[in-house]
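Trainee: TrEMBL feature annotations, pasted as is:
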- 21-40: transmembrane segment (TRANSMEM)
- 60-79: transmembrane segment (TRANSMEM)
- 100-127: transmembrane segment (TRANSMEM)
- 147-166: transmembrane segment (TRANSMEM)
- 178-199: transmembrane segment (TRANSMEM)
- 205-225: transmembrane segment (TRANSMEM)
- 237-257: transmembrane segment (TRANSMEM)
- 277-296: transmembrane segment (TRANSMEM)
- 308-332: transmembrane segment (TRANSMEM)
- 338-360: transmembrane segment (TRANSMEM)
Amino acid sequence: MDLTASGVHTASVAKQARTGLLPANVVLGGSLLSLVGLTWDIQWHSDVGPDTFFTLPHLFLYAGSAVVGLASLAVVLLTTAARRAGRPADPRVGGRVVNVFGRTFAAPLGYLVSGVGAATFLLYGLWDQWWHGLYGFDAVIDSPPHIGLLLSITVSLIGTTAVFAAAREHRWGRLGTLASLTVLLTFAPVLALGLQQVPDDYADAVAIGTSMMAVLLVAVGAGFLRRPGGAIGTAAMVAAVQGVFWWFSPWAAKAYADLVDLPLRDTISGVPEMPSLAPLALLPVAGLMELVYLAGRRRGWRAGRVSVVAGGIAGLLLGLSLPVQRVLLYTYAHLPPAWYLTTTAVLSAAFGLLGGFAGWRFGGMLCLLAPAKKGETADA
């Protein structure tokens with residue numbers, strides 16, 4: 001009897017640990033597919049030039065969102081069917097269940113957000129198709145439909161992060177959360193390009209925005225894990241993805257250009273466009289943030305306040321490094337004057353304080369998606 005009961009208990013625990021693993025991985029896989037399409041498409045615009053709607057990079061972009069949307073829809077329908085059958089919903093599968101259209105559907109919060117992001121992406125895709133039909137080629141990445149597409153991907157990635165965070169009691173949930181933050185952080189500098197329209201007479205707005213988002217998401221990783229390794233783990237994953245894309249992006253653009261018999265531009269930099277947007281100094285800066293968090297723990301300081309200080313230091317260093325990084329990578333770039341670097345670094349530090357403050361609390365919000373462990377408290 002003891003052996004049988006023990007075997008049943010072990011099987012039950014193993015089944016619980018796998019609950020939600022498949023749909024979560026499918027959603028993450030779709031997000032990665034879109035990320036591959038995005039870095040490929042950006043490199044294409046840089047090395048080859050204009051494109052039409054029907055290209056292979058666009059196929060990756062839309063296929064990724066379709067995968068995310070279908071997986072999210074499947075989980076929502078299964079959750080709705082389970083509730084109508086009287087079975088309780090497991091909050092580890094996508095988070096707490098919310099009602100949609102009254103009580104017509106029951107949707108786990110993470111899958112609801114990722115599904116809405118995927119649906120809006122496809123709607124913006126229709127606008128992009130109309131845009132191409134009206135104006136023909138796209139010469140730049142930041143056309144109006146593309147801005148909507150980028151924001152939709154951001155929403156999907158936030159939902160993907162929430163899906164894994166809901167299963168944080170399992171190792172795959174914690175690792176998946178950091179992996180989702182990695183995808184979001186790799187993608188975030190593309191959004192910062194929208195700040196190119198901000199006057200840059202006194203500071204580099206793109207560098208400030210990129211620094212702030214990097215600090216924010218690294219702090220989210222630290223605030224979610226709430227133990228050593230959250231910040232450096234997120235940054236290490238970003239560095240790994242950055243390294244892969246550093247090779248992949250130029251190769252894919254050239255290979256596809258050869259396939260469709262199109263020439264490359266006469267003057268290409270040879271620098272991978274999207275990977276070079278992310279701060280190359282992120283890993284050591286995240287390591288420094290870990291040291292600040294560690295010092296705060298040893299002295300018993302409130303973690304939320306320590307995160308503000310860590311964010312300010314990280315923002316200062318990243319804001320200072322990004323203009324220098326651009327000069328090192330591009331032969332035509334020139335180092336700005338010292339006063340310009342100073343204003344950029346100071347403003348990056350100010351926004352870094354905000355990123356550290358908000359990031360730690362967003363990490364705590366992700367923790368609330370999962371059932372609380374016995375005796376667990378939220379440390380602000």
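Backbone N, Cα and C atoms are what each Cβ position is placed from, and that goes for glycine too.
Note that the coordinates shown come from a computational prediction; the quantities given were computed from them, not determined experimentally.
Set these features in their place in the structure for me.
Mentor: Among residues of the same chain six or more beyond the transmembrane segment (100-127), those with a C-beta under 8 A of the stretch's C-beta atoms are 23, 27, 30, 62, 65-66, 68-69, 71-73, 75-77, 79-80, 82-83, 89, 91, 93-94, 144-145, 148-149, 152-166, 369.
Beyond the ends of the transmembrane segment (205-225), by six or more residues, the same chain brings 165, 168, 174, 177-178, 181, 184-185, 188-189, 191-193, 195-196, 198-199, 231, 233-235, 277-279, 282, 286, 289-290, 293, 303, 307, 310-311, 314-315, 318-319, 322-323, 344, 347-348, 351-352, 354-356, 358-364, 366-367 to within a C-beta distance below 8 angstroms of the stretch.
Taking Cβ pairs closer than 8 Å, the transmembrane segment (277-296) reaches residues 185-186, 189-190, 192-193, 210-211, 214, 218-219, 222, 228-229, 231-232, 234-236, 238-239, 242, 302-303, 305-307, 309-311, 313-314, 317-318, 321-322, 325 in its own chain, all 6 or more past its ends.
If one looks beyond the transmembrane segment (308-332) by at least 6 residues along the same chain, the residues whose Cβ comes under 8 Å of a Cβ in the stretch are 204, 206-208, 210-212, 214-216, 218-219, 222, 231, 269, 271, 276, 279-282, 285-286, 288-289, 292-293, 296, 340-341, 344-357, 359-360.
Taking Cβ pairs closer than 8 Å, the transmembrane segment (338-360) reaches residues 202-204, 207-209, 211-220, 222-223, 303-304, 307-316, 318-320, 322-324, 380 in its own chain, all 6 or more past its ends.
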Trainee: Which bits of the chain, at least 6 residues beyond where the transmembrane segment (147-166) starts or stops, bring a Cβ under 8 A of a Cβ in it?
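Mentor: Residues 20, 23-24, 27-28, 31, 34, 38, 61, 65, 68, 72, 91-96, 108-118, 120-121, 124-125, 127-128, 172-177, 179-181, 183-184, 187-188, 190-191, 194, 224, 366-367, 369-370.
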Trainee: For the transmembrane segment (21-40), name the stretch out of 60-79, 178-199, 237-257 with the most CB-CB pairs under 8 Å.
Mentor: 60-79
